[in-house]
Amino acid sequence: MGYPKAFTSSDSEPEPDLSRDLGNPVMGNPGVVSRSSSTVAQHSVRNNPTGPDGRLAGLWNARALLRFPAEVNGVRLDFKSVSSRRPTSRLSLLPYSLCSICPSSQATMTSKDHVKSQIPRLSAINDLHKIWPTVEEHGAAIIESFLSLDIVRRLNEEVDPFVKIEPIPAAKTKDHPNHVLSTTTRLVNVLAPISKAYREDVLNSKVLHRICSDAFHVYGDYWVLMGAVMELAPSNPAQPLHRDMRFSHPIVEYLKPDAPATSINFLVALSPFTAENGATHVILGSHKWQNLSNVSMDATVRALMNPGDALLITDSTIHCGGAETTGTETRRLLTITMGISQLTPLESNLAVPRPVIESLTPLAQRLLGWASQRSAAPRDIGLLTIRGNSIEKTMNLKAEQPLHDDEAEPLCRETI
């Protein structure tokens, strides 16, 4: 299977309708910001194939906005002047209130004519030892053949029925609705009871565990913070540039800039990732940035991938999903957010039927929170213990037991 067509300067994507809230997955409940027409005029599609403002620069959030000059009710924003008003963490881009905006501020944006470095591509088979050092250096790497095509096929088949009927993330029927994902996105997590490929192949992937061991050894055990299939419908809007974990774990904002990553994200292509259907934008090296005043879409490169390839990024790598511009293609991915077990997962596997859990390997059980955890502390006393004993010992938890299809049904039925 050949690689998707490269993204060139002749490719173009339509300008967004900034008159409505597109429900992006980062900005929460943003207001609408209008771009200066003069700014638009200065940046043609030819010189800026991704759009002068990153397509969704109009979405506003006073804390997480990763954009450059725009207007809010006629007031022009300038990131250099705004971000210098007060000390901020490495992730806080603007002051908490709009009172610090300087109406007279002006900033310019120039197209970069030099050839950009592309995302490093490594083989899951031949370059395993290079993957994490590469991500540490560049903030991202594409792992070719992270999952085999057979696993991709089976995983897609197993999750299909659930993706088709999943309500939108912000559905009123949910008591913890997600208002930061677009209404054209479907997300299905807690995959263990509904996908044999996930619970047997993905959770026991030697490639995944080698990378996680390399990344998290200074902290101790790690587990799945979320494993989810995301499907993005035709014409799905682009996301704003962002860093992960900022709408669930604000503690990461208070870590030292040089602290080792506490979580990483495998974005596994379950369908082709092309420039036209919204392949992820990444800013290489941005995981080391503290000054975010000049973040722009001009600095991004695209993660073009075949099914089974994975884009690996850290929780500080600036990235975003691109816009689907064909109007006909659906893009699907498996996002596996792995993190140290000192962080609370975004998903809960407590409702997974015990027969399903007992069919797993001990390693997979630990990843889903059905085993006690250990830190790298010299005198570690353990995490998730019961009066000094492990979960698995106290509950007499078995492992690698045969599983009949009907034993996974309770949660599956409830999910449907």
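Using the three backbone atoms N, Cα and C, a Cβ is placed for every residue, glycine included.
According to Swiss-Prot, the protein carries these features:
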REGION    1-53  region 'Disordered'
COMPBIAS  34-50  compositional bias 'Polar residues'
BINDING   His242, Asp244, His319  Fe cation binding site
Number of Cβ atoms other than its own within 10 Å, given for His319 (Fe cation binding site): 23
Local Cβ density at His242 (Fe cation binding site) - other Cβ atoms counted within 10 Å: 24
Neighbour count (Cβ, 10 Å) for Asp244 (Fe cation binding site): 24
